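> Feature table excerpt (TrEMBL):
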- Arg108, Gly138, Asp159, Ser215: S-adenosyl-L-methionine binding site (BINDING)
- Glu216, Glu219, His220: Mg(2+) binding site (BINDING)
Amino acid sequence: TNNISCSVQRLVKGNFSRLPLGTKVCERLVRGFVGRQRSASSWTAVCTQRAVCKQRAVCKQRTQPTVTCHTSARSVDPDELRRFQSLAGKWWDDHGEFAALHALNDLRVPFIRDNLLNVHRTRVPGKPLGGLRILDVGCGGGLLTEPLGRLGANVLGIDPVGDSIGTAKLHSSIDPDLRDRVRYRACTLEELSAEREGGGREEQGAAQFHAVVASEVVEHLADLETFGLCCNHVLKPGGSLFITTINKTNLSYALGIVVAEQLLRIVPSGTHDWEKFISPVELERLLESNGFSVQSVRGMLYNPASGAWSWTDSTAINYALHAVKVRDDPDANQAEGHAEAAHS
């Protein structure tokens, strides 16, 4: 504890001077955490710096039937790609750089399952998500894609890092239960969104998915407006969007960057950029401007001593969000729902 406190003394002056609370307040904040090392703290194991430049989406309005997102991968930062490229073979090491993501499945999988079950009835006995199509954006090695597939969903995992997709395909191939439910593609969300119906690919075209999942992704993106628009484009009317990310607060800087990276070395130094974090209020405003209605926001807390996550009333550090695509044509969507139920 003494050594860590000394390290904080050296780090505070350089790291906290730019924060709104000031040096002394933030120093006391971190010291309080050091004195309670065995208490829960929160960060994500895989958060990297996202793009320096933010460009605005130049897509047509959502209400037009011909709406598309540009195929240029402008929401993807080349520096992010290089970082994840170097980690592509480590996704399934549950004691390595992605240990916290492995543990996060204890919260995010039930969060996705339960919210989907509130909308969609069980279609296959023993497979609560049977018959649903889910898109896992930024799937990496498939840490979240696989458990969703085991719940019966047909899941498409996409990631711009080809080696990560290779790791995901190799790992899922050893489980015959996933063979017909989980697929992967090395592409961006913009590229998938821009694909039109036809051409023989089952996943092509707009409005194909019942749910889109972006877990620990948005803090890496260069253009959140394009992300929100493309999520709307690939979702069916009434479809769900699930996001987990990091809030932009002084506490998230203290615990997620200074403590996690520079003191306890839970994640590599330089993984996080506090300026790229986004608050629930800002994220909700962005999603609503792109045709979503936010249904719930829940705080999450990570305990480095136990390596476990838990739900919390505070969203000051990590949080999970569930939003639903607004139905533009209720009558048409109701008819579509009846058709799907009859087919099931």
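For all residues, glycine too, the Cβ spot is worked out from N, Cα and C.
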> What is the one among the binding-site residues Arg108, His220 whose Cβ has the most other Cβ atoms less than or equal to 10 Å away?
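Ranked by Cβ atoms within 10 Å, first place goes to His220.
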> Do you know offhand how many angstrom separate Asp159 (S-adenosyl-L-methionine binding site) and His220 (Mg(2+) binding site) by C-alpha?
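For Asp159 (S-adenosyl-L-methionine binding site) versus His220 (Mg(2+) binding site), the Cα atoms are 13 Å apart.
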> Return the residue, from the listed binding-site residues Asp159, Glu219, with the maximum count of other C-beta atoms within 10 angstroms of its C-beta.
Asp159
> Any idea what the Cα distance is from Arg108 (S-adenosyl-L-methionine binding site) over to Glu216 (Mg(2+) binding site), rounded to a whole Å?
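Cα of Arg108 (S-adenosyl-L-methionine binding site) to Cα of Glu216 (Mg(2+) binding site) measures 11 Å after rounding.
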> Tell me the Cα distance separating Gly138 (S-adenosyl-L-methionine binding site) from Glu219 (Mg(2+) binding site), rounded to the nearest angstrom.
11
